[in-house]
Amino acid sequence: MGPGGRQSAEPASTEVFGDSDFVVVANRLPVDQERLPDGTIAWKRSPGGLVTALEPLLRRRRGAWVGWAGVVENDVDVQDEPIVQDELQLQPVRLSADDVAQYYEGFSNATLWPLYHDVIVRPIYHREWWDRYVDVNRRFAEATARAAARGGTVWVQDYQLQLVPKMLRAMRPDLTIGFFLHIPFPPVELFMQLPWRTEIIQGLLGADLVGFHLPGGAQNFLILSRRLVGADTSRGTVGVRSRFGEVILGSRTIRVGAFPISIDSGALDQTARDRNIRRRSREIRAELGNPRKILLGVDRLDYTKGIDVRLKAFSELLAEGRVKRDDTVLVQLATPSRERVESYQTLRNDIERQVGHINGEYAEVGHPVVHYLHRPVPRNELIAFFVASDVMLVTPLRDGMNLVAKEYVACRSDLGGALVLSEFTGAAAELRHAYLVNPHDLEGVKDGIEEALNQTEEAGRRRMRSMRRQVLAHDVDRWARSFLDALADSRPNDSADAAD
């Protein structure tokens with residue numbers, strides 16, 4: 001029984017089996033639906049490291065991907081037939097306008113997202129949002145149960161679908177189920193604020209393996225499993241891709257581990273070496289007036305990313321004369337995000353006001369000191385910006401990993417550039433030769449930026465070489481293999497016979 005006397009309905013077990021031995025479950029399909037001028041529907045592949053890493057396995061193991069196609073539907077009870085796109089089987093889950101408003105924009109991104117990111121913005125708790133979250137998670141679980149072959153493996157992705165493992169286990173006890181959280185898992189005292197805290201932990205414990213970016217998230221989950229569910233758990237520290245924690249729940253043992261996600265670093269390294277990318281990077285510098293130094297920020301426009309922190313630090317460095325306005329520029333690329341959520345609308349207004357103030361104070365006519373783009377940037381153009389810039393600014397207040405930091409490093413085969421990186425990113429645990437800063441300490445951020453701008457060539461090359469060694473050795477393929485190997489080892493001996 002949940003808060004307020006509510007009960008989470010248990011899905012009924014199903015005897016229906018699909019034909020996919022491996023199923024990925026995520027909020028979005030790796031394709032976007034497009035309606036052509038003649039009214040027909042086409043599917044456009046959306047880029048992403050996850051599908052790149054999992055595609056070979058999906059092909060090899062008769063895989064399927066369950067997710068939302070990004071289009072609002074009126075009748076969510078219709079079960080769409082699987083889509084075959086580039087030989088991948090995709091199983092759409094329909095969402096209505098109310099689903100998007102309450103499950104996605106509401107509970108996922110106005111309740112869970114701020115709660116899991118250290119309550120930078122106050123989470124909103126609405127019973128209606130929770131009820132919709134339960135309902136949509138059930139639909140994802142049902143679609144997965146229909147797609148998965150007998151004794152198959154299912155990998156559920158991220159915070160939008162934390163109830164799916166338990167629901168799916170009730171429907172299909174024969175399956176081996178893994179779950180990975182792509183955002184930070186909060187400290188115990190913050191998670192305890194959630195009215196539906198027990199239901200979330202119970203939902204995750206439906207998996208055989210629960211994965212986080214960092215050991216700290218795994219440790220928090222073990223504590224909450226003891227406190228909220230009364231489970232027995234291991235007490236030792238959790239390692240990275242090793243020394244897994246365990247939760248004992250009745251006859252089941254759930255493994256808990258840390259698996260830092262990464263990027264397709266080899267492919268990115270090769271693309272950044274392309275002569276056209278190199279030429280474009282030189283053009284970018286020329287278009288910016290050939291400044292001595294270019295600072296770069298690349299983020300979704302999100303309040304967790306610390307865009308305001310780097311802008312304020314840059315403004316004060318200009319005011320103090322520690323950075324010269326006639327030879328240094330800051331480029332901020334901000335991808336639009338969750339534009340219907342009020343806190344994101346407020347953030348955009350604040351950032352644009354900040355940019356205007358800095359340029360009004362320090363720019364010359366036709367020569368802004370901050371170049372701000374609020375729109376998506378094509379992939380190759382983004383890579384050219386990485387190659388062109390001298391200092392990459394990654395200053396989130398909280399971030400599960402931050403792949404932009406790793407992408408920048410992967411693009412710098414010339415060993416040029418410098419990375420200023422927030423201590424509160426998962427990437428900071430791996431990229432120890434970045435200029436690590438506390439985004440809550442403005443003076444420290446300013447010092448980090450100044451050090452990066454003024455580093456010697458030898459010191460910069462030494463730092464970048466070390467970071468590249470880490471990023472190229474630990475790519476997204478290694479991340480996926482390490483998780484799936486651990487999941488295979490977590491498979492109960494009797495799982496294949498559990499449905500008999």
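Backbone N, Cα and C define each Cβ position, glycine as well.
In this view, Arg28 (D-glucose 6-phosphate binding site) is surrounded by 18 other Cβ atoms within 10 Å of its Cβ, with every protein chain counted. The feature D-glucose 6-phosphate binding site is assigned by Swiss-Prot to Arg28, Tyr104, Asp158, Arg338.
The DSSP secondary structure for Ala405 (UDP-alpha-D-glucose binding site) is helix. As annotated by Swiss-Prot, UDP-alpha-D-glucose binding site applies to Gly48, Gly49, Arg300, Lys305, Leu403, Val404, Ala405, Lys406, Glu407, with the evidence given as similarity to another entry.
On its own chain, Trp113 (site 'Involved in alpha anomer selectivity') has Tyr159, Ile183 as residues at least 6 apart in sequence with a Cβ closer than 8 Å to its own Cβ. What Swiss-Prot records for Trp113 (among others) is site 'Involved in alpha anomer selectivity', and it gives similarity to another entry as the kind of evidence.
Per Swiss-Prot, site 'Involved in alpha anomer selectivity' is recorded for Ile183 (among others). According to DSSP, Ile183 (site 'Involved in alpha anomer selectivity') sits in a coil region rather than a helix or strand.
The record assigns Arg28, Tyr104, Asp158, Arg338 to the D-glucose 6-phosphate site; their largest pairwise CA distance measures 17 Å. According to DSSP, Arg28 (D-glucose 6-phosphate binding site) is assigned to a strand segment. Of the chain residues outside the D-glucose 6-phosphate site list Arg28, Tyr104, Asp158, Arg338, Asn27, Ser108, Asn109, Gln160 have their Cβ within 8 Å of the site's Cβ mean position. Between the CA atoms of Arg28 (D-glucose 6-phosphate binding site) and Arg300 (UDP-alpha-D-glucose binding site) there is a gap of 17 Å, rounded to the nearest whole number. Cβ neighbours of Arg338 (D-glucose 6-phosphate binding site) (same chain, under 8 Å, six or more residues apart in sequence): Glu105, Asn109, Asp302, Tyr344.
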